[in-house]
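Since the structure comes first, as structure tokens, the remarks are kept for the end.
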């Protein structure tokens, strides 16, 4: 093959390896010889007759000439590798661009989806905090009640002799154990009620979202059952602020 034609085929975009059905990683001269003989017989004009494809047959011959010469093969491999890397980079860029486009379109179609997801995460954090606080208050209340109950085996306390002492300043009345226990019971009950309301609100949103996807619910229903950011929802209850990372 003339050098000008050889140079043209070396820089062409035809994949000679795919054309001959061989892999560049395991390429050998014997593989090239067998592949060329097989394809040459398959596309030979004597076999195909009027269906003979001259351009295809020329490509097979060029593939054999280029890959059979070590120097030409090295040049062709360099061009081919650069072309493959460029195609991969373009495909990767196109994939990222398509993903960004689809994400943007999804945000435009349902801009509240991302916000709702963040609200659900914040609510989960608040539910865990409320449950933990309720557990601690229950343990504290039970401990307080057990400390106020006298042991049945303890001996009665003997009355102390009357000793005249200096009058002590009057102190403020302390709340009784029963009053403190009732207050703790109310706080625990309030926490459990808030947890139940928040769980029900979350389940309702999931059901509405599923119904909208199936076409049974056209418009989203406003959810006013529980608001994790509402100050009135936590009146009288100490809640650790939720910091979203």
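Heads up, the Cβ atoms here are built off N, Cα and C, so glycines get one too.
So that you can see what the record holds, here are the features copied from TrEMBL:
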{"type": "DOMAIN", "residues": "15-80", "note": "domain 'J'"}
{"type": "REGION", "residues": "102-227", "note": "region 'Disordered'"}
{"type": "COMPBIAS", "residues": "125-135", "note": "compositional bias 'Basic and acidic residues'"}
{"type": "COMPBIAS", "residues": "160-179", "note": "compositional bias 'Low complexity'"}
{"type": "COMPBIAS", "residues": "184-195", "note": "compositional bias 'Basic and acidic residues'"}
{"type": "COMPBIAS", "residues": "202-215", "note": "compositional bias 'Basic residues'"}
When DSSP states are grouped into helix, strand and coil, how many residues of the domain 'J' (15-80) land in each?
52 helix, 0 strand, 14 coil
For the compositional bias 'Basic residues' (202-215), give the DSSP counts of helix residues, strand residues and coil residues.
12 helix, 0 strand, 2 coil
